[in-house]
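Input: a single structure, listed below in structure tokens.
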Amino acid sequence: MALFRGVWSVLSALGKSGADLCAGCGSRLRSPFSFAYVPRCFSSTANYYPKKPLTSYVRFSKEQLPIFKAQNPDAKNSELIRKIAQLWRELPESEKKIYEDAYRADWQAYKEEINRIQEQLTPSQIMSLEKEILQKRLKKKALIKKRVKLKTINENWKNLSSSQKQVYIQLANDDKIRYYNEMKSWEEQMMEVGRNDLLRRSVKHQGKDDTEEN
């Protein structure tokens, strides 16, 4: 395995961002430019890792989104993104070139910074970073899978008839009643053994009122 395999993807996926973290990076990096904070265990070798620069379209979108939001405060982000995409398609090539040139300049600076950092990393640090990013990717993949599943369940629920939904609604109500009865029985047992600290606040308050009335 090559020593620095996967470094590009590793460096692009780390931590929080902010140009204010770029102290000491030099004037080669254009603004705006995002940086990722490196785990503390690597701070002695390489303080900060740059993220990949924004593409020309993404840079344009980030500039336009606040403007479109101000003009359309009630619109959804998805709707605003579609409008921004249409505006980008209609943008004259001369104006697009400004964003494309900025991206190329940032990309060159990014590669130079990566090369500088690679010279400082040890093999063990590279392996640790690769392991960390792999774990993050797996976690992200699992989260996406969960969201897709929930979306499918939601769509299936919408497609049910009222009579079909009523079956599940009744089951939910039955579970709610069962939970209430079991919780009440358990709390009565806790009161008998003097463990009022385990009771719900509403039950504690009710018990206090009953004691005052007596």
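In case you wondered, yes, glycine gets a Cβ from its N, Cα and C as well.
All TrEMBL annotations are machine predictions without curation.
These features come from TrEMBL:
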- 1-19: signal peptide (SIGNAL)
- 50-118: domain 'HMG box' (DOMAIN)
- 50-118: DNA-binding region (DNA_BIND)
- 126-189: coiled coil (COILED)
- 151-187: domain 'HMG box' (DOMAIN)
- 151-187: DNA-binding region (DNA_BIND)
Secondary structure content of the domain 'HMG box' (151-187), with strand meaning DSSP E or B: 34 helix, 0 strand, 3 coil
Three-state composition of the domain 'HMG box' (50-118), taking helix and strand from DSSP: 56 helix, 1 strand, 12 coil
